[in-house]
């Protein structure tokens, strides 16, 4: 019983530590969400935590919103076969 509990706890921690992270991307344009206030950023945090994104934390890094704790289903920059600003 203790072994099962330990295995479950380890799997949970692995999922938490290895959660997806990356730049939040606009699916229609292929561009990153821009921001100008580097570091802690209310806009980025709000966008990353939105229901359709599912992230746990967001901040402004290199003038774009970086998200942590994203589910695997959330798209991040770059999108395959879609370049920002190009058709």
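Even glycines carry a Cβ here, placed using N, Cα and C.
According to Swiss-Prot, the signal peptide annotation covers 1-19. If you look up Swiss-Prot, you'll see 20-85 marked as domain 'LCN-type CS-alpha/beta'. The disulfide bond annotation in Swiss-Prot covers 31-84, 35-60, 44-65, 48-67 and is backed by sequence analysis. If you look up Swiss-Prot, you'll see 84 marked as cysteine amide.
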For residue 65 (disulfide bond) and residue 48 (disulfide bond), determine the Cα separation and express it in whole Å. 8
To the nearest whole angstrom, what is the C-alpha distance linking residue 84 (disulfide bond) and residue 44 (disulfide bond)? 19
Spatial hits near residue 35 (disulfide bond) (Cα distance within 10 Å) out of the disulfide-bonded residues 44, 48, 67 come to 44
Among 31, 67, the disulfide-bonded residues in question, whose Cβ has the most other Cβ atoms within 10 Å in this structure? 67
Give me the CA-CA distance between residue 48 (disulfide bond) and residue 31 (disulfide bond), in Å, as a whole number. 15
Please identify, from the disulfide-bonded residues 60, 84, the residue with the sparsest Cβ neighbourhood, meaning fewest other Cβ atoms within 10 angstroms. 84
In DSSP terms, helix, strand or coil for residue 48 (disulfide bond)? helix
For residue 60 (disulfide bond), which of the disulfide-bonded residues 31, 44, 67 has the nearest Cα in space? 44
Just to be sure I understand the packing, how many Cβ atoms besides its own are within 10 Å of the Cβ of residue 65 (disulfide bond)? 26
Whole-number mean pLDDT, the domain 'LCN-type CS-alpha/beta' (20-85), equals 95
Below 8 Å Cβ to Cβ and six or more residues apart, same chain only. Which residues does that give for residue 44 (disulfide bond)? 24, 33, 35, 58, 59, 60, 65, 66, 67
Simplified DSSP label at residue 35 (disulfide bond) comes out coil
